[in-house]
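Pulled from TrEMBL:
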type: DOMAIN; residues: 3-100; note: domain 'Cadherin'
type: DOMAIN; residues: 101-212; note: domain 'Cadherin'
type: DOMAIN; residues: 213-329; note: domain 'Cadherin'
type: DOMAIN; residues: 330-435; note: domain 'Cadherin'
type: TRANSMEM; residues: 547-570; note: transmembrane segment
């Protein structure tokens, strides 16, 4: 259906039919937008024919298409056909003119820009159907204001505006106004069109150099006037006012070597303001000639087809007017160096002024105004300067080391001149050097001690320091090794006894002042200083050796302990000791101390006894009830003793007394079973009895160790049997023990 159709309405636009109409009576109906949905009533379908009609015109921009569903049914409601989806498309009519996206387009471009430089882009839109002639737009410039040579071009398809004129001069034309047109139908005359406005401002560049309005100026100023404005100069600049291209920057390029003048820019008027910042002397120069130059804040840009201009300058003649002046100090600023801690009243210099008119100091008196640092005084007639207090850099306001004092000079006419005395306190050698730390601990590694000195004086009265040991006897055993300008290493020269050393060390600064100190070094038998207990050991000072209280007590306690040990040994050996010598290899064939074996059957054989005793080991066995126990005791005394009623008895004595005609065993280190039994049974029985009386069973745990049955089938047979029946025979069978017994023997030997 064509957009904006003129009718007549109702207007037939389509017909739908069903193939089943040949066999059935078919009624047609439809549903969807434009029929029974918004916009309702725009279309309808005839029931009998299937013709679709439009009732009024349609705007494509509002409803570009309609999708309806058509139905074919029999009178009884049967639908022999599947519903048909039918689309009604509205064909576009060029009923909308294009329009610009902005009411006013504003752009800017630098003056003197080259042709082809893009200025900006205008854009337009069209509501008609896209990608058709109805929306194919073309742009063009209709007119330009001011109506001079066209300065810009407009691309017909893209709407891009570019520079066309090679010389855009802001000083001639500051802005351009363009009337532009956009037309659809590819710009054909019958297409619809709209116009818009574009304003292009020309931005300023510094293509015009400033120039003085006058090339010469004259002015006057009284001598000795300071910070006074004497002249204003102005320039002409065609660039945009207030921009960096027109802002003037003035400078004095000649005639101001003494910096007596200064010129600045008044931002409001762009004028140069010339001032006197240092008083002029009529007697020295009656006039001064200055040369002033001017530039812009922005760098100068040479315009196309123009020549470089020279810098604009102007000369200023300053006439100095003679005035009745006051006295003048020469120099106006005097520095006086004063040694630290000088006596009060010391003359440190002289400060006088002259009358510029007469050139002498007659009739001039001097004084120091109050409210300043009260360090010096000046003689009213002669100008001699003296100290009025001791100047010490370590006291109060003198810590800064200097002070500026204003002095007044007054002539006969009451004219006053001022000068400044800078008093500088020079550091002196008033402090002795000192060692910051004087107590140290030195361990057995004898690591050198670092002694560091300090002096409150400044250079050259401080570092480098010289260290020296004053005592000759200590200097022979201690040495000093240089580390740096303010520290040294102190260390012993060789082996020295442990103790505390008081070493006198002197430190001499670079000015010759000597500070003496005693360095206390605790030479301690330790690994780290924290292990050393400084409780009063020996003190070594000047070669004398003394013992401290704790050392004497330690020696007394040690002597008493040694005496007690000797008495105990003598008591233990009072009943006699059997000394026996055996070969070292005897121990290789013995079972050493063994603890309880793994649980097993109880040992019921009463013949189990210790096999043999060596020089380093002894053993005994006892019977208590039904259980056989024995203990191997290791020691170097070769004795088994039982203490009863304070008496002592050895196995040797038992053997000699109760052994009868037993064979001596000094050579083989062995005893018979009967000898062991006779010696150990009564004594160990008593000990067991005592242990059982102990409620906590402490002693029984220490003395009684149960040994259970170790197995059957050993090639060596029963240990008790072997010892009982072959007590005089060699024990070579022990070399053929089973592996588990060898392990036991090796373990005991290692222990």
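The backbone N, Cα and C atoms fix where each Cβ goes, glycine too.
Under DSSP, residues within the domain 'Cadherin' (330-435) fall into helix, strand and coil as 5 helix, 45 strand, 56 coil. Confidence over the domain 'Cadherin' (101-212), given as mean pLDDT on the 0 to 100 scale, stands at 92. Per DSSP, the secondary structure of the domain 'Cadherin' (213-329) breaks down as 0 helix, 55 strand, 62 coil.
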